[in-house]
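**Q** So that we are looking at the same thing, I have put the structure below in C-alpha cells.
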Amino acid sequence: MRLAFWLYEGTALHGVSRVTNSMKGVHTVYHAPQGDDYITATYTMLERTPEFPKLSISVVRGQDLARGTSRLPGTVEQVDKHYKPELIVVAPSCSTALLQEDLGQMARASGVDQSKIMVYAVNPFRVAENEAAEGLFTELVRRFAAEQPKTEKPSVNLLGFTSLGFHLRSNLTSLRRMLKTLGIEVNVVAPWGAGIDDLKKLPAAWVNIAPFREIGCQAAGYLKEKFGMPSITEAPLGVNATLRWLRAIIAEVNKIGAEKGMAPMAMPELRDFSLDGQSAPSSVPWFARTADMESFSNKRAFVFGDATQVVGVTKFLKDELGMKIIGAGTYLPKQADWVREQLEGYLPGELMVTDKFQEVSAFIEEEMPELVCGTQMERHSCRKLDVPCMVISAPTHIENHLLGYYPFFGFDGADVMADRVYTSAKLGLEKHLIDFFGDAGLEYEAEEPEAFTEPTMSGNGTVASVSSAEAPSEAAVVTATATGELSWTAEAEKMLGKVPFFVRKKVRKNTDNYAREIGEPVVTADVFRKAKEHLGG
C-alpha cells in the first residue's frame, strides 16, 4: 500500500458510495473503523445537492473486537427504522476486510428483511474506486432489471451518471436537450436519481446510452446480453463526436422502429439543437478558423485523466482545434489498452499510464507544453510550473462542481471546451505583456519587494537580495544556487525575465545545458545571447 497522498482514484469505499449516494431509496452501511466516515464530508463539501449523503458507518472498535461483538447488526437495524430505505448495501472497508468477517451473517442477525439487504463484499485491497462503482452498478442492474414491454415512443436509458461525476448535471442536461430535439424520450437515468423501480424498467427502453468507459458499459453489456438491447458507448465530446453520437442513436432507433412499422426518424436541422433554435448549435467550426484560434495550430498540448475524457479531449484538440498533441496518459491501467486503440495515430509516442502524480508533473516540467488538460493534481503542478492548465477529468475540486450550466458533452460542451482552451492558453499572453511593460497599477503580480533590495532568483527558486546602495557590477552579482547548479548574473536574470513566462523555465534549462557544453560556470548576459543564437531563438 502507498500513502494516500494525492491519489487519482479513491478507495473501493469511495466508488460504492458514488453509486448508492446517487440513488433514491438506497442507503449504504460501511463496516469500518471510525475515521472512514470522511467520505460523507467529501459529498457535503463538493456535491451541491440539498440531500444529506446516504451513508452510515458501523464503527469497528478495538473494544468490540476484544469482546467478539459487532455493531453491524444494530447499525443495519437502526438505518432501516430511521431512513426506511428500499435497499441497504453493506460493504467492508480496507480495515475490516483484514478481519475476514462474514458480513452476510452479521447482516442477517439484524432482523431486517433480507430482500432489503445487499452485501457487496468487494476486496478493497484489489479494487479501486471506478472498478468498485462499475461492479456495484452492474450487480444492481442484474438484480433488479426485469423483462418489460418496450415504450411506445422511442426512448433511451442514460447509464453511468453518478454522484461526484465530472460536470454531471450539466452533461446530463446537454444530453436531454439533444434527445428532446430528436423526439426521443429518456426512460431512466441511472444510477443518478434512480430508484429500485427505475432499475426494474430499464429493459423498456429502445437503446442504452453509456458514454463513460469507467462506469455503465458493463451494465449496458449485461442488458444487451440478457434483453437484446443495443447500446451506444461513445462520449459526445466535441462537434465531430456529437454528430456521430446523434447519427448512431438515429440508426439504432430506426432499426427498432422498422420492426414496429414506424416511419424512419431523420436528423433535424442542426440549428434546432442550438440554445436559441436559430443559429448553429456550436461556434467551434467557425471559431477554429479565426485568426485567434489559427494561432493555436502549433501549440503543444498534453492530456491526462480518466479514459473517457482523455480520448474525447485529445481528439477534440487535434481534430477540431488543430493543436499539436505531444502526449497523453491515464491513471487507469485497466483501461489503457482501450485508450491506446482509440488514440492510435494521435500520439507521437507511448501512452503514459501511471497513478503517480509526480511522474506526470515531471513530464510536464520536461516538455513545458503550452496547454495541459488534466485533473486537479495537474492544476496544482502547473501552477508551480507556470504552465496553463484546464481541468478535464476527475479527480476535481469545488471549481468543477458548479451551479451554472457548463457541460462538456454535446454541442454546448464543445463551446465550453473551446472557451476554456482559449482562455487558459491565451491569457498567458496578457500576463507576459504585464510582466514586460508593467502592471500599470493593476497589481497583477505579488507586491514588489521593499525598495532598498534587489532580489534575484536562482534556478532552484532561491532568492539572494542585494542592497541598491551597494549594487556591485554584473560579474559580481551572482544568484545563489544549490550545489552543482549553474549561477546566473543579475543582468542575465533580467534578460531571462523578458522571456514569456510560459517558456521561461524551458529557456533557463536550455541555457544551462548550453553553458555546460561550452564550459561556462556562470551564465552571464553574453552567455545568454550566445545560447539564444545557438538554439535558434
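Here the Cβ of each residue, glycine as well, is placed from N, Cα and C on the backbone.
Because the structure is a prediction, the values reported are computed rather than measured.
So Swiss-Prot lists the following for this protein:
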ACT_SITE  Asp292  active site, proton donor
BINDING   Asp36  [4Fe-4S] cluster binding site
BINDING   Gly428, Leu429  substrate binding site
**Q** Hey, how far is Asp36 ([4Fe-4S] cluster binding site) from the residue listed as 'active site, proton donor', Cα to Cα, in Å?
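**A** Each residue's Cα considered, Asp36 ([4Fe-4S] cluster binding site) and the residue listed as 'active site, proton donor' end up 49 Å apart.
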**Q** Using a 10 Å cut-off, grab the number of neighbouring Cβ atoms around the Cβ of Asp292 (active site, proton donor), all chains included.
**A** 10
**Q** Let me know how many other Cβ atoms fall within 10 Å of the Cβ of Asp36 ([4Fe-4S] cluster binding site).
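**A** Looking across every protein chain shown, the total is 20.
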